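Structure record follows, encoded as structure tokens.
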Amino acid sequence: MTCCNQQSSQPKTTTNCAESSCYKKTWSDHRGTRIERGCGCPQVKSGIKLECCHTNECNN
């Protein structure tokens, strides 16, 4: 499966993943809204929005 793995508003990059899902985490800090993308569907702390999906590049 192919997932996006760029940070925040960086140009789109992708990676091939062994997992069958991709994730997109969104949170805010002193720098503003932060976004992290990658493979799998990790556990997150409260206050972090997590979206997981199951198709190629679905986490852009």
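Count begins at 1; order follows the chain as displayed.
Glycine residues also receive a Cβ, built from the backbone N, Cα and C atoms like all the rest.
According to Swiss-Prot:
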| type | residues | note |
| --- | --- | --- |
| DISULFID | Cys3-Cys22 | disulfide bond |
| DISULFID | Cys17-Cys39 | disulfide bond |
| DISULFID | Cys41-Cys52 | disulfide bond |
| DISULFID | Cys53-Cys58 | disulfide bond |
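Using CA atoms as reference points, the disulfide-bonded residues Cys3, Cys17, Cys22, Cys53, Cys58 were checked against Cys41 (disulfide bond), and the closest is Cys22. In this structure the C-alpha atoms belonging to Cys58 (disulfide bond) and Cys3 (disulfide bond) are separated by 7 Å. Neighbour density for Cys3 (disulfide bond): within 10 A of its CB lie 24 other CB atoms from the protein chains shown. Between the CA atoms of Cys17 (disulfide bond) and Cys3 (disulfide bond) there is a gap of 7 Å.
Annotation for Cys53 (disulfide bond): spatial neighbours Ser21, Cys22, Tyr23, Lys24, Asn59, criterion Cβ-Cβ under 8 Å with sequence separation of six or more. Cys39 (disulfide bond) and Cys3 (disulfide bond) are 6 Å apart (CA-CA, integer value). Reduced to three states, the DSSP call for Cys41 (disulfide bond) is coil. Highest local Cβ density among the disulfide-bonded residues Cys17, Cys39, Cys41, Cys52, Cys58 belongs to Cys39, counted as other Cβ atoms within 10 Å over all protein chains shown. Annotation note: Cys52 (disulfide bond) sits in a strand segment as assigned by DSSP. Counted within 10 Å of its Cβ, the other Cβ atoms near Cys22 (disulfide bond) come to 28, all protein chains included. Across the structure, Cys52 (disulfide bond) and Cys39 (disulfide bond) place their CA atoms 9 angstrom apart.
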